[in-house]
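Chemist: Have a look at this one.
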């Protein structure tokens, strides 16, 4: 993959996730299945929240936005990866790599901020239930969503131009399955240490700000739950928050490993495995975690399936 005399804007080559696998087509089938389940489950979540009046609450509105982000997030990476494996064409243009890089950073950043702000919703619901309709009005919900998207977009607009302006004058082979920042910077023939330090600080802030909101919210929630006299109230509060905490732990944990842990502590193979976890598996797990642990969502799904079966019976007769 050492290519001489390349233009600054020549195509890259994605080595992919399957290169080191002994069973590439089995892995291909599994990832295709995960992709289909992710798209189907997140789409179902959005449609259920939109169709069922009982789910027209701030929490489910924010969940529908999370599902939308997950659909776009996984669609930015997985279709290209599967197409490369199916056609054995691993090239990606400079413009395509730039677009993928920007969309990935924007959507990942937006999800970071949204997950952080969703903890505020849980804090208000448990600690200030009587003021919940006021503190989580439609206007506040829209502001939360806009803030999440703007925060993610700022990340994409700031980091993408700087990353892609480095000269990639040696190998164009990216040892990854998509155009992720650390893998791209390894191809640069210029010293990137200053930029990597700045990016490290930026990532710390992007993780620290939402994580601070989450920590503050859940500290207050735990105090409120501890003071509850009714066991049923405690159980409901814990059940309401546990799904969100599981999703936060999965997403933030993988991101901290990739962007906060020093590079000397992980290998390219480990990087690809962790990236696969939070770009492929997490978008599938999010709706499953929220639906399986949520009676409102399962109830809405049962009602929707009941209506479909009833309409089919009427049509049959």
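Here the Cβ of each residue, glycine as well, is placed from N, Cα and C on the backbone.
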Chemist: In TrEMBL, which of 83-101, 102-120 is tagged transmembrane segment?
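Modeler: Going through 83-101, 102-120 one by one, TrEMBL gives transmembrane segment for 102-120.
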Chemist: Between the transmembrane segment (102-120) and the transmembrane segment (25-48), are there three or more CB pairs that fall under 8 A, provided the residues in each pair are separated by 6 or more in sequence?
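Modeler: Checked: the transmembrane segment (25-48) vs the transmembrane segment (102-120), no contact.
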Chemist: Between 0 and 100, where does the mean pLDDT of the domain 'G-protein coupled receptors family 1 profile' (41-290) sit?
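Modeler: In the predicted model, the domain 'G-protein coupled receptors family 1 profile' (41-290) has a mean pLDDT of 86.
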Chemist: Same chain only, please: residues at least 6 beyond the ends of the transmembrane segment (140-159) with a C-beta under 8 Å from a C-beta of the stretch. Say none if there are none.
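Modeler: Distant contacts of the transmembrane segment (140-159): 58, 61-62, 65, 102-103, 105-114, 117-118, 120-121, 181, 199, 202, 206.
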